[in-house]
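Everything below concerns the one structure shown next.
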Amino acid sequence: MAAARVPLWAVCVLRVALATVYFQEDFLDGERWRNRWVQSTNDSQFGYFRLSSGKFYGHKEKDKGLQTTQDSRFYAISARFKPFSNKGKTLIIQYTVKHEQKMDCGGGYIKLFPADVDQKNLNGKSQYYIMFGPDICGFDVKKVHVILHFKNQYHSNKKSIRCKVDGFTHLYTLILRPDLTYEVKIDGQSIESGNIEYDWQLTSLKKMEKASAESKDWAQATEGKSQDWEKHFLDASASKPSDWNSELDGDWQAPMLQKPPYQDGLKPEGIDKDVWLHQKMKNTNYLTEYDLSEFENIGAIGLELWQVRSGTIFDNFLITDDEEYAENFGKATWGETKGPEREMDAIQAKEEVKKAREEDEDEQMMGRFGGRENIFKGFHKRNEL
């Protein structure tokens, strides 16, 4: 008997049911966004946001988002959600950003904050967990920031990830997985991926952590009474035999002993610490002991940035644990309006060219008439003479 086919709508409903959506914002309820987002009052000179779809858009209502409105200002605004931990889970952060003013210098990134962040006093010194998104300034800086907070320090991705620099809306996605892999997408296309430990230059930091843990293990192992010293260690008292021929016999190595000659309470003389650690590390995975992308108390998302020229629009914020849900949400929002947005921009560009041409023709006509008037005036003056 053939198995019954599951309808597509049922699969979609199941997918949504399996996904955990921590935060989702698409500003479809008009000015009610002000009840969810808190403008920082830390500085009276902070710039203000308004809800706008911009000068050109794919859909006037669906493309409305938070738009910066004042030039040469810092901005700070945030929204809370129920705190959560991403320990053992995939974390996806996604949003759209549109620099319709053709950004010359300014940020287009978002920040993920701890739940106890002071929203009213949000500023550049407020601690954050993750900073992600485009940053543009002049010809040199055109990059996607991916900064993680780890061991009370901020660590940037050492890879250079280029951002989009045009005036259209673009979809930015960051995926952090529990196996310490990550992926950065722009407009649904993967542009960078790798391992968090190595691409954030955390290897040296983890080596310091590992050395500290090893020293602690060594101290614990060498104090107290009877311990299990069954591990192999080099015989420090051994020396190379006088008749040893390196060319025939190869490099000489000291023999390995099974147990050190000591009794309860005596120091295990002759045990080389490096040899002991070598044996211990064969069965211990230090590299996954430290959480490089797990945050216990995520509770707010915000925009804390500087812009020389305002006009950027932020929209379609999403924080979830499901990659497929994020992909579908991106298609249902940015994916539906990206085409019409470019079409509207093209139409406006043609109209501007047409208008400029008509104005130029008008100026030329006025110039011709003005020249004739000057000729007539000169003719009358000559007759008067």
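The backbone N, Cα and C atoms fix where each Cβ goes, glycine too.
Because the structure is a prediction, the values reported are computed rather than measured.
Annotated signal peptide per TrEMBL: 1-19, in sequence order.
Cys137 (disulfide bond): 15 other CB atoms within 10 A of its CB, across all protein chains. Per TrEMBL, the feature disulfide bond maps to Cys105-Cys137.
Counted within 10 Å of its Cβ, the other Cβ atoms near Glu304 (alpha-D-glucoside binding site) come to 24, all protein chains included. Look at TrEMBL and you will find Tyr109, Lys111, Tyr128, Asp135, Glu304 tagged as alpha-D-glucoside binding site.
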- Could you state the whole-number distance in Å separating the C-alpha atoms of Asp135 (alpha-D-glucoside binding site) and Cys105 (disulfide bond)? 8
- Between Tyr128 (alpha-D-glucoside binding site) and Cys105 (disulfide bond), how far is it from one CA atom to the other, in Å? 23
- Task: Going by Cα-Cα distance, pick out whichever of the binding-site residues Tyr109, Lys111, Glu304 is nearest to Cys137 (disulfide bond).
- Result: Tyr109
- Given the alpha-D-glucoside site residues Tyr109, Lys111, Tyr128, Asp135, Glu304, which other residues of that chain have a Cβ within 8 Å of the mean position of their Cβ atoms, reported in sequence order? Gly107, Ile110, Met131, Phe132, Gly133, His145, Ile147, Gly302, Leu303, Leu305
- Task: Sorry to bug you, but what's the C-alpha spacing from Cys105 (disulfide bond) to Lys111 (alpha-D-glucoside binding site), rounded to the closest Å?
- Result: 19
